[in-house]
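Scroll down for the structure; my scribbles are underneath it.
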Amino acid sequence: MVNTNWTSVSHFVLLGISAQPEEKVPLFLLFLLMYAINISGNFAIITLIISTPRLHTPMYIFLSNLALADICFTSTTVPKMLQNIFSPTKAISYMGCLAQTYFFICFAAMENFLLAAMAYDRYIAICYPLHYPRILTRILCSQMVALCQILSHLHAMLHTFLMGRLIFCADNKIPHFFCDLYPLMKISCSSPYLNTLMIHTEGVIVINGALVFIIASYARIISVVLRSSSAKSKWRAFSTCGSHLTVVAIFYGTLTWVYFRPLTSYSAPEGRILTVMYTVVTPMLNPFIYSLRNGDVKGAFRKWVSRI
């Protein structure tokens, strides 16, 4: 009888993005810059929304939670990656690896649900503007944020529990910069069938379900805007929707391409590049896409800077 809870490795080795010594410094500086932009941009958004009473509306409550999720999402992987670039061992403990997997999945799912909630907010605001305050109350907004968090943790618990059941033998080298699902399953010496089954069923429902909801919301928004008589309002709406959908396309496109394929077709070099897009690039772009193009946020930012 094999004990499926048993593992023979006490740690893993994260091989990182590149093994070339001449690429260490450029990669370190590049990811440090992107991480600094992500942290400072999202932290500024959170501070601005908290300190400006007129931004205490459902739209900006969702936005502040998305900014916080982006900070946590990137902080789950990037600091360890920056440390390992110059580390001779590049080691992470077994429990540390499972913890990183848990929080990575949790904050990725939270971003997924919050993007859907924000699409619903824009749908109500544009398609039913007169009923917006009555439909999307502060209580409902708080309940939606709480539901996003609960579902995210349940989603992460499921996949982390399944990962903890796998057996790892002699090979403890992960060809990635963090403990991602597919690289871990590739080096496991037990069958990852149940893990892949849940990714391709429950994972598809969670991720693609939210994506379908977002696309349907924006399709309805565009149809309403097209009936508007004002060319200026059309341009403004299409410009905003286009930038939002760009972020959605990057996040969901790379996420779907990495995980919703057979494990046998997974390529580590391709997976590393695509993972960077939704773990680092998208959280870095979100403050600019969702906030700096917003007149209310820019006005509040100018007042905040003038006070400082």
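In case you wondered, yes, glycine gets a Cβ from its N, Cα and C as well.
Pulled from TrEMBL:
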type	residues	note
DOMAIN	41-290	domain 'G-protein coupled receptors family 1 profile'
TRANSMEM	27-50	transmembrane segment
TRANSMEM	102-123	transmembrane segment
TRANSMEM	135-156	transmembrane segment
TRANSMEM	204-226	transmembrane segment
TRANSMEM	238-260	transmembrane segment
TRANSMEM	272-292	transmembrane segment
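Against the transmembrane segment (135-156), the recorded stretches 27-50, 102-123, 238-260, 272-292 differ in Cβ pairs under 8 Å, and the greatest number is found for 102-123.
Where the transmembrane segment (27-50) meets the stretches 102-123, 204-226, 238-260, 272-292, the count of C-beta pairs under 8 angstroms peaks at 272-292.
Sequence-distant contacts of the transmembrane segment (238-260) (same chain, at least 6 residues past either end, Cβ-Cβ under 8 Å): 108, 111-112, 115, 119, 122, 181-182, 199-200, 203-204, 207-208, 211, 214, 218, 221-222, 225, 266, 271, 274-275, 277-278, 281-282, 285-286, 289-290, 293.
Across the domain 'G-protein coupled receptors family 1 profile' (41-290), the model assigns an average pLDDT of 89.
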